[in-house]
Every structure is written in C-alpha cells, then in structure tokens.
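Heads up: the structure comes next, in structure tokens.
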Amino acid sequence: MDARRRALELAKQREAEDRRLFQEQEARRIAEDERRQREREESERRQAEENVRLELEAEARRKAEADAERRAPQGKVDANAPAPSPADAEAAEAAAARGRGDARRRPGEEDDARARPGVRRPVKGAEAPKPARPDRDAGRRRGKLTLDKALTADDGARGRSLSSIRRRQEKFKRSQQNTPREKIAREVTIPETISIQELANRMSERSVDVIKFLMQQGQMMKPGDIIEADLAELIASEFGHTVRRVAESDVEEGIFNVEDNVEKLQSRPPVVTIMGHVDHGKTSLLDAIRKTSVVSGESGGITQHIGAYQVEQDGQKITFIDTPGHAAFTAMRARGAEATDIAVLVVAADDSVMPQTIESINHAKSAGVPIIVAINKIDKPGADASKVRTGLLQHEVFVESMGGEVLDVEVSATKGLNLDKLLEAILLQAELLDLKADPERTAEGSVIEAQLDKGRGPVATVLVQTGTLKIGDIVVAGDEWGRVRALINDKGEQIKEAAPSTPVEVLGMQGTPLAGDRMAVVENEGKAREIADYRQRVAREKQVAKNAGQRGSLEQMMSQLQDTGLKEFPLLIKGDVQGSIEAIVGALDALGTDEVRARIVHSGAGAITESDVALAAASNAAIIGFNVRANKQARDASARDGIEIRYYNIIYDLVDDVKDAMSGLLSPERRETFLGNAEIREVFNITKIGKVAGCLVTEGEVERGAGVRLIRDNVVIHEGTLKTLKRFKDEVPKVISGQECGMAFERYEDIRQGDVIECFRVEHVARTL
Ligand SMILES: Nc1nc2c(ncn2[C@@H]2O[C@H](COP(=O)(O)OP(=O)(O)OP(=O)(O)O)[C@@H](O)[C@H]2O)c(=O)[nH]1
C-alpha cells in the first residue's frame, strides 16, 4: 500500500514538474509566436505598400514609354528619346532611378530592397530595345532590363541555389509575357463588413490591386483593414464583378452542422453525463469509474482533471463529462451544446426519488437524452432498490424489470460494486443509439470548460463531436477564435489530433470561450476573425437590448408561435404545494386545442432556482411561479438570460393569462419590476398602529406606494400595500439596501421575525403581437 502511495506521490511530483516545465516552455512559445506574428504583419504591410508603390511607378513608366513609342517613327524606339510630357518623363525617370543600383540611390535603399524577398523591383539595364515583336518586346522594354541582368544582378551575389533562380526566372518570364489573364466576372458575396484581404480572395483578385485602387481613390489601407459593405461593393463592381449583399449573420453560414459524409461514418464512443439528487453519489460514482479505469488502464496513467475523461470497457471507449448534475448539463444545452448522448441518473437506494431526481428526469427528457438508472448505495443497510423503481414509475421512467425499456443497474460507488455492469449498460445503450461520426471531416465540438491559465494562456477543454481536431486548425468557439497550438488529452499527454468523442485541452485560443460554446474549424484566420467579430458585436447588442424585451415571455412566445407555426407552448411551473401544481397542470392541459397546447417542461414544488431558469432558457419556456418566488441566483439568471418569471397567487388568473396568450388575445400586460427585499429582524406591537416590522433592506430598495408581498420560506403569505415606511421616526419615500426601517402592512398583521418583505412596482403595458 505504502509503495503504491509513494509511487503515486512520485508520479504526482513528476507530473507537477512536467507541468511547470511545460508551462514555461509554453510561455516562451506564446511570446515567440506573438513576436513572429507582429513581424509577419509588419513585413506584410511593408511589402504591400512597396508592391503598390512599384506598381504605380511601373504604370507611370509604361505610360511614358507608350507615349514615347507613339511618337517614335515605325516602332523604332529610342530609349533615350525625350519624353513627351515633362510629368511623364519625370515619373519614368524617378521610377528608373529607384530601380537603378546607381550612385544616385539613397544610402540603405539597396539593403532595404534586399530585405524584402518577393518584391519585384525594376532594374535599369539600359539595353536598347529591338524593334518589332510588339507583344513580348513591349513587355520586356517596359521593365527596361534584360532577364539575365535582372537575375544575375542580385542573385549571383547572394549565391542563391540554382532551383530558386530557375523559379524566379519562370516567374519573371510569366510576368513579362504580355498575355493578359482571362478575366472572370464573379458573383461576390459581401457581408456588412469585410476585410480587404477577404474581399480580394472572394473576387479572386490580388489584394495589392485592391489596395492600389483604394490608393488611387486617396485611401491608404492594409490587407487586414475592415471596410463597410458599400465600399466593398464599389470595389467589386470596379473590378467587374457582380455583388450579392448578405446579412451579417451569414458569416456563420455553413460553419456548424456541416453534413457528414454518410459513407465515411464510423462508430464513436458515447458521451455520458451523470445526474441525480444532491448526495446520492454522483461525484463518488464518477471518481469510482475513473479510478477503476486507471487501475485497469495503462500504468501510471493518472487521469487529469480536464472536464471530461475517457474509460475503456471491453476495448470500447466511453467519455464521461466530469461536471455532474443537471444544472451544468442544461446550462451547456442553453448555449447550444448538445454534447451528451446518455444521462446516468443516480438514485440512492436508501433515499429513493427526490426533487432533484425529478428535475434531472425532466432535464434529460427535455433534451431527448436517454436515461440509464444507477441505483446507488446498494451496500447500505436501508437500501431498497424496488422502492426506487416504483418511485421512478410515477415520473414515467419505466425500468426493464417494470416492463419498460430504461436500463437500470444496482451499484455501490464506494464499494466499487457492479461498475462494470453500469459501463456495459452504457455500451449497450450506445449500440442502440448507433452513434456515428465522420472522423475525416473538419472538426466540430463543444467547449466543456475553459479558463485562463497563467502560463498557458486560454485553455479550453473541448469535446470533439465530429471530425478530427488537429494541431494547426483554426477554430471559432463562441466569440473567440484561435489556432490550435497544442492538444492535451485527459492523461496529460500531448497529442497531435483528437477523434470524435475525445475530450481534449485546446491551447492557442485568443480568448477564453464559455462552457457550452460550440467550436468549429474554419478555413482561415480571416474567416475566424470575421465570425468572432460578428459574434462579439451581437453579444454587445444583446446586452443593450436585454432590458427592452424578454425572450421567454408569454407575448414573445405567442409571436414565435405565429411566426414559426409551432403548436406547443412551453412552460415551467413551480408552486408552493404539489396539490396546487397538479391543479394548474390539469387546468392548462384542458386548454389545449388541435392547434396549440401547453407543454410543461418541468413542474415541482419549491422556490424557482437557477437550474429552473437554465431549463427554461434551453427550452424557450416562460416560468410561472404560483405562490413561490425565485431565489437571488434565479432572479439574476433570468435577468441575464431574458427569461420571464410570472408570479400568480390565483389559479384562475394564471390559467386565464396562459389561455389569452395561447389564443393571441392578450389583455394589457401587467409587467412587474422587482424593487427590493427587506428582512424582518424584529416585530413590535405599537398601540394605535398595530404590528410593525423592524427590517433591514437586504437587496435593492423599498418604496412607499409600491406593492409588497410577505414571504415566508420562499412562499408568498400575503400580498398588499404598506401602511407605513419609516426611518427612525420619520415617514420616508424610500429606503435603500443596507439601511434599517420600520414597515407595517395595510390591514394585515401576521408578520414574523425572519419573514421577507418583497417590494415591487407594477406597470400595465399594452400588448402588441
Ligand atoms: N454507503 C455508500 N455511500 C455512498 C455511496 N456513494 C456515495 N456515498 C456517500 O454519499 C455521500 C455523497 O456522495 P457524493 O458523491 O458527494 O454525492 P453527490 O451526488 O456528488 O453530491 P453533490 O455533489 O453534493 O450533489 C458521500 O458521503 C459518499 O461517501 C455508496 O455507494 N455507498
């Protein structure tokens, strides 16, 4: 045992040391990469400017020569003949002088030219051109040089290899042949903004030509500069292309859900998330499975904590997402990631079905993910597996022994009992699902978690879902992008590529994406930047628009129904007691017609929680609270995600509102704004006034004249108005968070220490559909 512990410690130390070294190495590499990138950009910029300058000079020279030729008798050209106009002559001379390696050149200019390989510089080799052969010779004369001179002047001195000289010779010949390239007019797709380089690519033109054109219009620009669609359209038509203007969102077109090639599909491992009620053993089960795989897997292969890990059973792989719980699962889903194939529902055999077991079932069902039940803690004396099975029956989870199709396995996470059977059940379910992906295509995946690592920069754990992710790929995730610099698997090993269903740490992102963001490989950096820019803009706009409208509101849902022809009205209902919830669900069910019906994505007793808001966001549902409130986290999440929470205390009102929304006949909306909460610290009995609550405002503010509710244990006890709002002895219009005050209700006295007084304002807004 001791030996094993020592070995583990040693391995851990080694791993820490490796990691430190790796981090240092990475930091150096990041700095080096950035330096190179800066240099590359600078040299590209200089080169583009130089090319443009040369082109302009060449053009001026051509013009001057053409004029000279026109004046010369019978095609006899005298290179030294006086130029036709002083301006042209000047231009031609200036151009020639720049190309000449003569004494008139400014010091350092030659070095400068040599420092830029690939830049075509005209060299003056004053050979008198021969007459006739107008086509080719005209081309030759243009440069006022001979091919040999052009090549030997520089290359000989620099001792270039023969093959590189030949390549340049070929290139030079090509450029000198005066046969104009056949011009193809294209339809160029132009989004609302585009980089010059990307526009040039789409037109199949050289970016230098575009920049030249812009220079002629008096605008100095670089290939990476972003221009508006109007200017892009002008450029495209100037180059003889037609234009198709598209919406900005079209930049995202085709990056996700690219069809797999059916012939290339191969089986892929299932991806599993573990869910269940608190303390039923989710973490223990994940740990137990991980440990088993380490023992049976390769020696020393200590699994890293990267957000997901893979195990092997009978030679087949299974991927487990390492963040247990339905809240994380649905939060990811709300961001668009459909990462999970199978949900393992952990139910403790000594505790049976509990509220979060039911939530988990609804979350899995709402995502259409099949469930496998792990009846855990089977080793405990009070364990009763059949009670679990019947408990599940009431929530429409029919396990095999009850005549259903849901697989169930009795396990003990702490004793390691039947874990292999659970893994076999997962593989069986996976086989039924026939999970496939095309490993040969470009990769798509989902971000499971991401953080900024001091040494390594942004690190995203990505679950590759289809295709193979490779080092060097350019990826977009959420509103971030990057070039994959390194891939690290769950064993901490650097790998070159990651196949479908593999979780892998991705290094090289420019920023940190969010868990649940989808990741895709795109063709080039320009495209990646364009998508990331677009998404950042959209995120900013959403932030601004957030308060203006809510997406999970009854009104919006109705208009969505009308727009999309959807027939379901998704609602999430939380109530104070099971009885009232059943009554509400029954009443809402009865409202359904052939055209539209309410779909309850989840219902349950208790406060509205953050996980309810996440589920509502993922299913586009509105939340209805009947005599219950949302806790602080849920309120924050609903404000952040734009999910409406409606509170009711009369079933009739609730059903009426839903009915009106469903039939599109909404009366003016009663829009409620939460103002603040005050906690009752003490209750005083004061003659003439009655019971007065001594309160501390814990959140927001309370206002006289606003609506108030008395809440006890997250349940609404009373709703009404305030009789008094006092600070010390004075009546005041408002009291803010952190201050104490005295409050009394109009005609209501059942107040207790620990109760919360919620303050809200009501507006009536006309509904427009
Ligand atoms: N006897 C017994 N105890 C178990 C078993 N599985 C888990 N436990 C215990 O149950 C307790 C809760 O286990 P966790 O794994 O933390 O449960 P969880 O569902 O992850 O809990 P949260 O993370 O709080 O939601 C711990 O004390 C475990 O040791 C089991 O199979 N048998």
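Any Cβ shown, glycine's included, is placed from N, Cα and C.
Small disclaimer: the values here were computed from a predicted structure and weren't measured.
Taken verbatim from TrEMBL:
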REGION    1-181  region 'Disordered'
COMPBIAS  1-72  compositional bias 'Basic and acidic residues'
COMPBIAS  86-98  compositional bias 'Low complexity'
COMPBIAS  99-108  compositional bias 'Basic and acidic residues'
COMPBIAS  130-158  compositional bias 'Basic and acidic residues'
DOMAIN    267-436  domain 'Tr-type G'
REGION    270-418  region 'G-domain'
BINDING   276-283, 322-326, 376-379  GTP binding site
- Query: Those binding-site residues, Asp279, Lys282, Thr323, His326, Ile378: which ones have a Cβ sitting under 6 Å from ligand 1?
  - Reply: Asp279, Lys282
- Query: Three-state secondary structure of Lys282 (GTP binding site) from DSSP?
  - Reply: helix
- Query: How many of the residues that make up the region 'G-domain' (270-418) does DSSP mark as helix, as strand and as coil?
  - Reply: 49 helix, 39 strand, 61 coil
- Local Cβ density at His326 (GTP binding site) - other Cβ atoms counted within 10 Å: 28
- Among the binding-site residues listed here (Gly276, Asp279, Lys282, Thr323, Ile378), identify the one with the smallest other-Cβ count within 10 Å. Asp279
- Message: Looking at the domain 'Tr-type G' (267-436) alone, can you tell me the average pLDDT?
- Response: 87
